[in-house]
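As written in TrEMBL, here are the features:
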| type | residues | note |
| --- | --- | --- |
| TRANSMEM | 6-26 | transmembrane segment |
| TRANSMEM | 46-67 | transmembrane segment |
| TRANSMEM | 73-99 | transmembrane segment |
| TRANSMEM | 106-125 | transmembrane segment |
| TRANSMEM | 145-162 | transmembrane segment |
| TRANSMEM | 174-198 | transmembrane segment |
| TRANSMEM | 210-230 | transmembrane segment |
| TRANSMEM | 242-262 | transmembrane segment |
Amino acid sequence: MGLSDNLKGVILAVASSAFIGSSFILKKKGLKRGGASGIRAGVGGYTYLLEPLWWAGMITMIMGEIANFVAYIYAPAVLVTPLGALSIIVSACLAHFLLNERIQKMGIVGCVSCIVGSVVIVIHAPQEHTPSSVQDIWTLATQPAFLVYVVATLSAVLALVLHFEPHYGQTNILVYLGICSLMGSLTVVSIKAIGIAIKLTLDGMSQIAYPQTWFFLTVAVICVITQLIYLNKALDTFNATLVSPVYYVMFTTLTIIASVIMFKDWSGQNAGSIASEICGFITVLSGTIILHVTREQEPPPPPVGTVTWFINGDSLKSPEEEHLITHHRLDEYYEP
């Protein structure tokens with residue numbers, strides 16, 4: 001007896017989480033090495049592109065995204081997306097051993113809470129109503145409610161990029177990850193549309209000639225590139241143990257909201273099931289807060305133009321923290 005479509009989607013989603021969780025760590029190590037030999041990605045540098053570890057992380061992430069893409073073909077977004085919580089556990093464990101970003105005992109409780117919340121969401125997830133053609137998907141994408149969501153999302157992204165990033169990008173993790181998550185919600189619905197088109201094409205009903213298929217593909221490419229750029233900035237600026245859970249919660253919440261609006265996932269569900277899914281979200285959010293509160297603080301990178309050094313390998317010093325003899329040039333005291 002063959003595997004059901006939902007089970008195939010779950011297996012692919014779990015594999016995707018393992019790949020993506022590992023990619024965070026590989027890319028983080030590559031970004032650190034690139035920042036040590038040139039300009040950091042967080043301030044606009046691209047020296048990380050010369051680091052093999054960063055490319056290994058990128059390849060791993062691509063493999064994870066491919067598995068995730070195929071999972072969306074077989075299962076609904078409200079089932080596939082919450083399983084991304086497993087990537088939090090993978091990245092937190094690897095960061096603990098490979099990056100010395102220590103996860104505390106309460107952090108483990110936070111990780112467990114994220115998984116429990118995701119399981120609750122999966123158990124009460126609704127059955128998917130698969131459209132019969134890409135034109136049906138286009139009809140869903142152009143309904144007024146979803147168009148309002150798209151306009152609100154793009155407006156928020158523009159505000160974050162043009163106003164908040166220059167002022168708060170280096171100090172507030174929600175700026176970079178907000179851009180990633182907002183664009184990610186549009187990525188998922190576009191990828192789901194492409195996946196359905198591919199599945200219908202393989203079943204003998206070609207969707208290649210429809211312009212809507214290529215429109216969804218273009219949107220997905222633009223959104224994925226934007227996500228990668230700002231995810232690199234977030235990883236280079238903030239602790240990977242924090243980036244993974246916060247990104248997961250924001251991305252999952254916005255993705256399910258987009259999917260519920262566009263594909264009407266909650267239509268036909270009773271109030272008890274919807275309430276259970278909301279409780280699952282609250283559990284995941286609680287786990288993320290625990291991880292945030294108990295995380296090991298990472299010293300912020302020094303601003304460009306300052307002088308810092310290490311004493312005994314672990315004490316970060318700056319000129320303001322030491323009594324130093326300052327040398328002045330003679331021409332600063334004598335006028336010709």
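Please read every residue number as a count from 1 along the shown chain.
Placement of Cβ uses the backbone N, Cα and C atoms for every residue, glycine included.
Unlike curated entries, TrEMBL annotations are predicted automatically.
Across the candidate stretches 6-26, 73-99, 106-125, the maximum count of CB pairs under 8 A to the transmembrane segment (46-67) is reached by 6-26. The stretches the transmembrane segment (106-125) and the transmembrane segment (145-162) do not meet in space: the count of Cβ pairs below 8 angstroms, excluding pairs fewer than 6 apart in sequence, stays at fewer than three. The stretches the transmembrane segment (145-162) and the transmembrane segment (6-26) do not meet in space: the count of Cβ pairs below 8 angstroms, excluding pairs fewer than 6 apart in sequence, stays at fewer than three. Same-chain residues lying 6 or more positions outside the transmembrane segment (6-26) and placing a CB less than 8 Å from one of its CB atoms are 53-54, 56-58, 60-61, 63-65, 67-68, 70-75, 79-80, 83-91, 94-95, 98-99, 122, 235, 240, 243-244.
Through the fold, the transmembrane segment (242-262) approaches residues 21, 24, 76-78, 81-82, 84-85, 87-88, 91-92, 110-111, 114, 140-141, 143, 145-146, 149, 153, 173-174, 177-178, 180-182, 184-186, 188-189, 192, 231, 234-235, 281, 284-285, 287-288, 291-292, 295 of its own chain, all at least 6 residues removed from its boundaries and within a Cβ separation under 8 Å.
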